[in-house]
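What TrEMBL annotates here:
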BINDING   Gly167, His168, Ser169, Ile233  NADP(+) binding site
DOMAIN    8-122  domain 'Tetrahydrofolate dehydrogenase/cyclohydrolase catalytic'
DOMAIN    141-286  domain 'Tetrahydrofolate dehydrogenase/cyclohydrolase NAD(P)-binding'
Amino acid sequence: MPNSYKLLNGRAIAAQIRKDVASEVETLKTEGWPVKLVSISMGDVEASALYVRNQQKAAEKTGIAFEARHYPAEIGRDELLGIIQGLNTDPRVTGIIIQRPTPKHLTERRLQRTVHPLKDVEGMHPSNIGDIVYNDLKMGPCTAVAAVELLKSTGVNLEGLEVTVIGHSAIVGKPIAFLLMAQGATVTVCHHETRNIAMHSRSADAVFVAVGKPGLVTGAMLKPGAVLIDIGINQIDTADGPKVVGDADFESCADVAGWITPVPGGVGPVTVATLLKNSVTAARLQRDHYASEFATRTSA
Ligand SMILES: NC(=O)C1=CN([C@@H]2O[C@H](COP(=O)(O)OP(=O)(O)OC[C@H]3O[C@@H](n4cnc5c(N)ncnc54)[C@H](OP(=O)(O)O)[C@@H]3O)[C@@H](O)[C@H]2O)C=CC1
Ligand SMILES: Nc1nc(=O)c2c([nH]1)NC[C@@H]1CN(c3ccc(C(=O)N[C@@H](CCC(=O)O)C(=O)O)cc3)C=[N+]21
């Protein structure tokens, strides 16, 4: 008998988040704080181009102004750092996102820590990413937050849940592990040195995969009824043209899993919506910061 898996609908969750964002954007505007997000990408990377297009569309739907800046891969480090610093001090810009991957001569971390923490809508400035250890989340890394939201949407109790995370990047895998630990899950993290990933994934109630390798997780690697959150977004060429697929072999996994995220339509749209939610938070934090600065100065 075929397994009756349940599909986790990322598009529906994203639409709900966008609805809340749109009303907050409107309120902030009436308070003199229009939300504006600036995206910076370098070189030609199809994966980030797709993300930027989707950010632009979603931002427009919620009333957030969006400016996509694109620079050649050869741009000098000091020039780019100067551009970011200019955006930090521009009061019209309330959020900045640096698209990955970055060219080799521009280390990602250097760029991330140049973005002002109050405009860091991806939560990757060291002071923001560091706060995740204390479970103090103002602006959490979008993909990690989105992936955990999808798990929560199943209604499963996270306390004591056995979870395996495959992939341990600073932007996705590691923050997922911290978010889950804070909710009481027991977390195992696998990476390219892990000897037997299947052993870990098969004993998990929920599996997160964020590696960038299509077909990495198969049904044989899952416990029956497990939740599978597929974060991978890989563009592959097929006989019918280019296609976006995740890191899981959907057919075999759907046979075994209890819940599964589709790609497209799973984590991706929720990531974009979370970025917009963080953009609202950033604008609110700047408004509050400005108000308290102003109060201090006028009372002095
Ligand atoms: N849905 C969304 O919104 C988003 C999707 N993505 C997608 O998620 C995937 C991962 O992205 P990202 O974290 O940025 O990628 P990175 O390349 O930064 O990290 C990949 C991770 O996978 C690990 N890894 C590599 N090979 C294996 C293997 N054979 N088995 C187990 N682990 C392995 C690496 O470990 P090690 O370092 O030890 O080699 C590393 O921790 C990509 O497909 C990306 O497009 C990314 C961001 C957002
Ligand atoms: N600093 C940074 N942060 C990122 O989070 C980041 C990045 N750089 N660079 C590129 C990758 C990739 N990524 C995507 C997120 C959502 C979709 C997305 O919206 N996907 C939709 C649509 C897919 C389609 O249109 O076919 C979906 O999965 O349904 C795609 C890709 C974020 N990344």
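Placement of Cβ uses the backbone N, Cα and C atoms for every residue, glycine included.
A Cβ distance below 6 Å to any atom of ligand 2 is met, among the binding-site residues Gly167, His168, Ser169, Ile233, by Ile233.
As a whole number, the greatest separation of Cα atoms within the NADP(+)-binding residue list Gly167, His168, Ser169, Ile233 is 16 Å. The average pLDDT for the domain 'Tetrahydrofolate dehydrogenase/cyclohydrolase NAD(P)-binding' (141-286) in the predicted structure is 98. Counting every protein chain shown, the Cβ of Ser169 (NADP(+) binding site) has 17 other Cβ atoms within 10 Å.
Sequence-distant neighbours of His168 (NADP(+) binding site) (same chain, 6+ residues apart, CB-CB distance under 8 A): Lys174, Ala177, Val189, Cys190, His191.
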